[in-house]
Amino acid sequence: MPALSLIALLSLVSTAFARQWEVHPPQQQGRHWAQICSGNPFNRIRGCDRYGCGNYGASRQGKGEKHKGVDVICTDGSIVYAPFSGQLSGPIRFFHNGNAIDDGVQISGSGYCVKLVCIHPIRYHGQIQKGQQLGRMLPMQKVFPGIVSHIHVENCDQSDPTHLLRPIPDISPPFPQQDAHWAVVCAGNPTNEIRGCDKYGCGYFGAPRRNGKGEKHKGVDVICADGATVYAPFSGELSGPVKFFHNGNAIDDGVQIRGSGFCVKLLCIHPIRYNGRISKGQVLGRMLPMQRVFPGIISHIHVENCDRSDPTSNLERGKGESEMEV
């Protein structure tokens, strides 16, 4: 969808939302909400992409309007949790055109009132507890290819919810390391979740590659938002650069780590250096802008063992075990 069409829809949304406001309790200060989306333990807010920016008050082109909520990064299909305990009401329609993400719900309670949009809740009415599963993220890439998929989070009084979401800079691995498995590879993906399937293919080891040669995927694709911090999965010696495409595109970079009984190549990242020692969990670099090269793909780090064996078991970090409130 062209950016101008999105802008027009957002303008309609703001008008429609304004008509729905009732008297709500003031938003409390000094408290924090729970994790909203699995895979985003710090409620990281969307930056800027070709459709706009996700921060509160960001400019909305066309009518001089401002963004009245914040966009919390959430991969399509991810589990969504209740940020606080309260009463559900809905459905909440954002676009009023029946598209694939035109759904949402309101939660009112605990001194707060918020609308979470572009999700499909498990129900629209009744009580819900803080941290309880609320629903699933809808397929935003189907509607806006290449956007940073996100939940639109808007206080009912249109005040700024940013301080309640407590975004924290990615300065350290989000979870303690365990010797049995590799560390967290990408900030915002604490379980090293592997890319599923999109229009470009699938991310699991051995997935077919559509190149006409019957080849299989020789690594796994660990989900990682463009620009996210990347960590060393284990301690070892760096070497590189490692080029994947050999065409100089925006993601043609990477590095190899050898040590601790492992050898792996991490591609589509820009490392802080190509040589020297690195420790498990230490900052390794940044995810490169994959959306710029493959619009609409699930952005990811290509992780490939040097001997081309399957690294999946090393990456597993107990899905579902630490994805509630942090």
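Note: Cβ is positioned from N, Cα and C throughout, glycine not excepted.
Listed in Swiss-Prot:
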{"type": "DISULFID", "residues": "Cys37-Cys74", "note": "disulfide bond"}
{"type": "DISULFID", "residues": "Cys48-Cys53", "note": "disulfide bond"}
{"type": "DISULFID", "residues": "Cys113-Cys156", "note": "disulfide bond"}
{"type": "REGION", "residues": "307-326", "note": "region 'Disordered'"}
{"type": "REPEAT", "residues": "28-162", "note": "repeat '1'"}
{"type": "REPEAT", "residues": "177-312", "note": "repeat '2'"}
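With a cut-off of 8 Å between CB atoms and residues at least 6 apart in sequence, the same chain places Arg46, Gly47, Ser59, His67 near Cys53 (disulfide bond), listed in sequence order. With respect to their backbone Cα atoms, Cys113 (disulfide bond) and Cys74 (disulfide bond) stand 21 Å from each other. Cα to Cα, Cys156 (disulfide bond) and Cys37 (disulfide bond) are separated by 20 Å. In the three-state DSSP scheme, Cys156 (disulfide bond) falls into the coil class. Counting in whole angstrom, Cys48 (disulfide bond) lies 15 from Cys74 (disulfide bond) by their C-alpha atoms.
Residue density at Cys156 (disulfide bond): 20 other Cβ atoms are found within 10 A of its Cβ, drawing on all protein chains shown. The residues of the repeat '1' (28-162), classed with DSSP into helix (H, G, I), strand (E, B) and coil, number 5 helix, 51 strand, 79 coil.
When the disulfide-bonded residues Cys37, Cys48, Cys74, Cys113 are compared by the number of other CB atoms within 10 angstroms of each CB, Cys48 has the fewest.
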